[in-house]
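Before any comments, here is the structure.
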Amino acid sequence: MAKPFSVPPVVFLSSAVQRRSPPRPANPGLPFMSFDLGPAPSSSSFSAPVPGSFEDEPPLLEELGIDTRQIWRKTSSILNPLRVDAHLHDDADLSGPFFFLMLFGLFQLLAGKLHLGVILGWVTIATLFLYSVFNLLAGRSGNLDLHRCLSLVGYCMLPMAIFSAASLFVPRGGVTILAMAAVFVLWSTRACTGLLVESASCGDELRGLVAYACCVVYAVFSLLVIF
């Protein structure tokens, strides 16, 4: 006969078992756990001008020291060979001369001639030549510096640039292009001579010798166009 098996009573203690919530961190203000959003920035903060912004900066040409109005006044004075204002060229610059040299080389490039290096080299030699000749002739009374001489020679390249552009429509090796070369060489010579003599504050007794040196310089440039 089987023995009776006694089952012990099961007691459910609901009050003893408590659900524990996970412990909270000691510092609830962590960036990735914080949901406390601050007040949104007002729109007036974006409308206020920021010091040192791009609106307060000067134009790029002004930062580079390029005065377009002064360059245009100097160019206009060269366009009138009978009345050249030398006082406009007291403030020498190289922006206008560089532009005219590049313009002269561009028209030569359109004619199938790559003379950019030759042009820059000849301008350097011509500036040194005129600077040396003028100071030797003027002696102690001459006050021409190298920077101003380069600026004057470069600005007087404007007739040569016009001649280079006009030669694109003229047949090569004819009398017409030779006559045009003579006219533009005289134009550049007269303008450069007047600027050198008046800007350097020397007498008119040196005008003939300075004009001869300027004529040689611009005649060499005209040979690039003719041949």
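Cβ from N, Cα, C; glycine included.
Feature annotations, reproduced from TrEMBL:
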DOMAIN    79-224  domain 'Yip1'
TRANSMEM  116-137  transmembrane segment
TRANSMEM  149-170  transmembrane segment
TRANSMEM  176-197  transmembrane segment
TRANSMEM  209-226  transmembrane segment
Original post:
Along the domain 'Yip1' (79-224), what average pLDDT does this model show?
Top reply: 91
Original post:
Of the residues in the domain 'Yip1' (79-224), how many are helix, strand and coil by DSSP?
Top reply: 115 helix, 0 strand, 31 coil
